[in-house]
Every structure is written in structure tokens, then in C-alpha cells.
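K.L.:
Sharing a structure below in C-alpha cells format, with a few things to ask.
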Amino acid sequence: MSSQPAGNQTSPGATEDYSYGSWYIDEPQGGEELQPEGEVPSCHTSIPPGLYHACLASLSILVLLLLAMLVRRRQLWPDCVRGRPGLPSPVDFLAGDRPRAVPAAVFMVLLSSLCLLLPDEDALPFLTLASAPSQDGKTEAPRGAWKILGLFYYAALYYPLAACATAGHTAAHLLGSTLSWAHLGVQVWQRAECPQVPKIYKYYSLLASLPLLLGLGFLSLWYPVQLVRSFSRRTGAGSKGLQSSYSEEYLRNLLCRKKLGSSYHTSKHGFLSWARVCLRHCIYTPQPGFHLPLKLVLSATLTGTAIYQVALLLLVGVVPTIQKVRAGVTTDVSYLLAGFGIVLSEDKQEVVELVKHHLWALEVCYISALVLSCLLTFLVLMRSLVTHRTNLRALHRGAALDLSPLHRSPHPSRQAIFCWMSFSAYQTAFICLGLLVQQIIFFLGTTALAFLVLMPVLHGRNLLLFRSLESSWPFWLTLALAVILQNMAAHWVFLETHDGHPQLTNRRVLYAATFLLFPLNVLVGAMVATWRVLLSALYNAIHLGQMDLSLLPPRAATLDPGYYTYRNFLKIEVSQSHPAMTAFCSLLLQAQSLLPRTMAAPQDSLRPGEEDEGMQLLQTKDSMAKGARPGASRGRARWGLAYTLLHNPTLQVFRKTALLGANGAQP
């Protein structure tokens, strides 16, 4: 009995070699965890993101305070000599000649930051510095209401970056250069240290931040260029000297417009000319003498950024998963399919190849649907820009808005101001939702086409659609014959032409055929109703992001919130920034500056050296002014003619009642 336990005993030196932990050779040593294959480990930058954002937020507040010292509000504080500090405006939305690239870049940066915020756990990154770690050692990220505060945080973070461009001061350009380079340096440093992240896709954060880096890179170059120009005296006295340049160009182009009708009609009509006309009506091309408002430029920029961000999210969120599933298919999939009663083949290896091929086809259908959705959305955007220009030109000429009679007043209203404020945001949201709906519809359509028609025809198996058509061909043939025979009878039997006018004939046969074919027409009507639902769904999905088009009937067009917002947006734009009205105000200021005065010129008037430049507003190439006063008189005389001919919507209340009825509805 003593020999048995003695046989199980081992020497002390052999105890470590046959320990319990050494039996599992796949276990990591030292308590380390195995990293799953293909999974990206979490990356942490050398400096916490919270510290980055804390420094950027402090710098932004400092820049905003300095800008407030530069921008003096004399109108609000007339008793103060130099004025009181005021909050600078980030963007002058209703100005016609302010730089448009800077607001577009800032809005692109803001939207890209919001897109990166959605999958991020840290809604307010700098709060993680003060957050207490949880029991497992990880810092608890703020969620819930902090996400809402994060939306306001990023808007306030980039507020000074946009306000530096509207201040019109050399110090503002210096502050903008510093702030833009700080933002760009932080973003580049973070992407360089952690190019791969485990969220959604390893390169999603890097790809989604490309518009962000592009916008910050542009701002980091634009502000230094403006700073150098201000030091070299290449710019004028700021934005005040540029306020009437677009209005002057618009009015000059309107009054000096040449007759192009003869050359247009004498041109040869062919395929190239027809294609050119179609492209002109479908794709926006700039035209001299007309600029789109800044709000529309921002909407186009935000729409392009939204298309990129949504398409990227749809691509990296689905395609890598399909590829992983296709790479992990083994022979066990045959047993899984057999459990559902699906037997593709007796050979298991052939089943694996078939499943991989079907997954590859599914991936192709998904990518094709995504490409088609992006192309259609982009074409709808370009078509909308053409419609915007057409509507604005018609409203500048005095056309009436096709809203209800209660909303046709030219004066701004509470609803109109709210719609104007939310127009660009609505446009971005509509484009995002429209692209998502189009992706779902096109993916289902391409998948059905591939798996029910193309692949069965190519491989000669799984002919489910063709077998169903084979079994139900009498039904479809009856419906087709009913439709064909009714159309033939309507053309040859029930319609007769007398003296060039078609008339009904054989009415008894017509009544009998209508009664007898009623059951078949009910079935045909069911098919037509299904087709109508599919067609209307496809049409509305494609035009969901087009706010200038109502998705409801004309009588209920005002119930469409997107269309209603667009029409009120046009009302504010035309009533507050009409180029002809701006040119008229510029002429009044220029004429006032020419009058002999003993007191100094006010701040809002032009300088004495700029009156000659303003007199060139309405002068043609043939007549040039020799002096300032004759030019001013001719300018005022020609403005009287232009003012008489132009119908300014802001002055509708001063028109005659007969002229109000002459304005046609806006198409």
C-alpha cells in the first residue's frame, strides 16, 4: 500500500516542470490577455485629449475676449467715445461681398467634429481630467446629457475661429492664425500618434477627420495670407470698401445687358447644343453678375460634407463585417444551412465556395447601392443650386412667392426668421436622412435583382422567381391580355375621327366591355397601385434632400416643412439683401459724401478719395465722367430709371393694387 503513493511522488525539482499552469500552452504568461486576431488595440496619446481641449477652450476664450476689445459698439453706446466692447459676429450671413471660403471651412470643421462626436465616449473631453475612475480602473465617460452639451461646446469652440475673419483688423488676423494653427496642430498630432482606433473601423477616425483637417489647413493658410496683405497695404480699409462691389456688378450687368436672343436662335441645333442646354439646367455653373447668397454656399458645403460622412459611415460599418464573415466561412456552414432545410450541394467544400460567392455578391450589391445613392444625391444638390438661382432672380424681378395669401407679406415675420436661421441645418439633416433611405431602397433592389435574376440565370440553380412565374403564368398572361385588348379596342373600336376631331363610337359595346372586364381591371389596379407605391417611394427618397421641391401636392405644399422653410428663407434673403437695394443705398452714401460739409464725415460714409470709384457704378464704356458731380447726377438719373423698372419685394406695400395681380406665381 505504501508503494502506490510512493510511485506518485515526484522530486522537488520536477514540480515546476509539471505544474498545473504549464498544461495550457495557449494561455498568456504573466496574466496578459490575448488580443483577438484582427482587432485593433486601444490607443492612448502621450497627452490626454482632455488636456488638449482644455488648452484649446482656454485659448478660444482668450481670443474671443481680445476680439471683443477690438470690436467697439458705438451704436449701442453713443455716449462713449471709443465705444464699449461687443461680441464679434462669427459670420455676416446677409453680406454679399464678405469672404465665403472662411465660413464654409469653419462650418465644415464644425460638422466633421460633430460627426466624430457621435461614436465618441467622451462628449466633453476636458471633463475626463476631473472624472473619478471607476472600480475597474477605467475612467467613466460622461454620457446622456453631456452629449447635448457637447454640441454646444464644439459650436462655441470654433466661434472665435470664424469671428477673426469678420473683425477686419490686423490683430484679428494674427489671432486667427494662432488659433487655426493650434487647432490644426492638435488634430495632426492626435492622428499621427493614433491613426488606428478600435471604434467602428480601425481607420474610421482618420478618414472621418479628413474634412476637418482640410478645413483647418485652409484656415491656417488663409489667415497668415491676410495678415501679410494687411502689413503690405495690399488690402483697402477693410470690408467697408467692399460692401457694394457685388451690388454694383449686379446692377451694371442688369442695365448693360446685351441682346443675346439673335445669336442664340442662329446657333445650330444638334446633339451637342441639346446636351449643353440640359447640362445648363441640371448642373450649376457660375454666371456673371449673380452670386448665390452665403447661406446657400454654406448649405452646399455642409451637404457635400454630410454626403461624405454618411457614406463613409455606411461603408466602413458594413463592408468590413461582410469581409470578415466571408473569410471565416468553413464547412460547418453546410450543417447550419441543413438545419433550415437548405441543401446547396452534397460536397461541403462546394457549399463553402457557394456561400462565399453569395457573400461577395451581397458586398457588391451594397457598394453599388451606396455609389448610386451618393451620385443621385450629388446630382440633386447640383440641380437644387440651379433652382435656387432661378428663384432668386425671379424674386429680384418682383415675382411673388407661391405661399398662402397669409404669408405673402414682404415684411420679415417670426416664422420667416426662424426658417432662415434653420435652413442650412435642415438641408444637412434632410440630405443625411435621404442618403440613408436611398441606400436601403437601392440595396434591397440590387440584392433582389442579383439573387433572384442574375445569379440564378448564370449558375442555373435556385430559379425561384422563374419557377413562380412558370406556375402563375396564366394569371399574368390574362392581366397582360386584358390591358392590351382594352388599349387596342379603345384605339380601333371605340374611337372614331370625324373632320379631324376624335369621337366615341360603339357605345353599347363599350359599356358591355367595361362591365365584363371590371373584375380583371380590379386585379390590374392592384398591380398598378403597388407600382404607384414603389414609384412614389423611390421618387420621394431621391428628392427628400431637395427643399426647393415640395413632396406634397400643390394645394398642400405649405404643409411640407422643408418647402415651407425654403420659401421663408427666400423671403428673408430677398428682403434683406437685395443687390439693387444695396446699390441704391451705396449711391445715396456716395452722393452724400460729395456734398460740401464743414464737419468731418461720419464713420459709415465713404472716404473723400473713394467717390470716383463709386461713380463708375452705372457708367457705360462709351460715356466716361470728366468730373465727380456730372457723374453723380448721371448715376442718380440712371438709378431712377432702374428703380422704376425693378420690382423690389421689400417695397411691395408701396405698389399699386393692379401690379400685385400681375405678378405670376413662382414655379
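Glycine residues also receive a Cβ, built from the backbone N, Cα and C atoms like all the rest.
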K.L.:
In Swiss-Prot, is the topological domain of R98 the same as that of S575, meaning both on one side of the membrane?
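P.N.:
The record shows them together on one side of the membrane, with a shared topological domain name.
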K.L.:
Report which of Y201, Y335, Y566, Y643 appears in Swiss-Prot with the annotation phosphotyrosine.
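P.N.:
Cross-referencing Y201, Y335, Y566, Y643 with Swiss-Prot, phosphotyrosine lands on Y643.
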K.L.:
Give me the DSSP three-state residue breakdown of the topological domain 'Extracellular' (190-205), ordered helix, strand, coil.
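P.N.:
Helix (H, G, I), strand (E, B), coil: 6 helix, 0 strand, 10 coil.
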K.L.:
Quick one: find which recorded stretch in 51-71, 145-165, 206-226, 368-388, 423-443 has the most Cβ pairs under 8 Å with the transmembrane segment (101-121).
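P.N.:
The listed stretch sharing the most Cβ pairs with the transmembrane segment (101-121) is 206-226.
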K.L.:
Mark yes when the transmembrane segment (296-316) and the transmembrane segment (423-443) have three or more Cβ pairs under 8 Å (sequence separation 6 or more) and no when they do not.
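P.N.:
Between the transmembrane segment (296-316) and the transmembrane segment (423-443), which are separate recorded stretches, there is contact, as judged by 3 or more close Cβ pairs.
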K.L.:
Answer yes if the transmembrane segment (51-71) and the transmembrane segment (368-388) have at least three CB pairs under 8 Å among residue pairs 6 or more apart in sequence, and no otherwise.
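P.N.:
Answer no: the transmembrane segment (51-71) and the transmembrane segment (368-388) share fewer than 3 Cβ pairs below 8 Å.
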K.L.:
Under the DSSP assignment, what numbers of helix, strand and coil residues are found in the topological domain 'Cytoplasmic' (495-509)?
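P.N.:
Once the DSSP states are binned, the topological domain 'Cytoplasmic' (495-509) shows 3 helix, 8 strand, 4 coil.
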K.L.:
Give me the mean pLDDT over the topological domain 'Extracellular' (1-50), rounded to a whole number.
P.N.:
52
K.L.:
Going by DSSP assignments with H, G and I as helix and E and B as strand, what are the residue counts for the topological domain 'Extracellular' (444-473)?
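P.N.:
Going by DSSP assignments, the topological domain 'Extracellular' (444-473) contains 25 helix, 0 strand, 5 coil.
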K.L.:
What residues elsewhere in the chain lie close to the transmembrane segment (368-388), defined as a C-beta under 8 angstroms and at least 6 residues from its ends?
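P.N.:
Hits for the transmembrane segment (368-388): 280-284, 292, 296, 300, 303-304, 307, 311, 314-315, 431, 434-435, 438-439, 442-443, 445-446, 542-543, 545-549.
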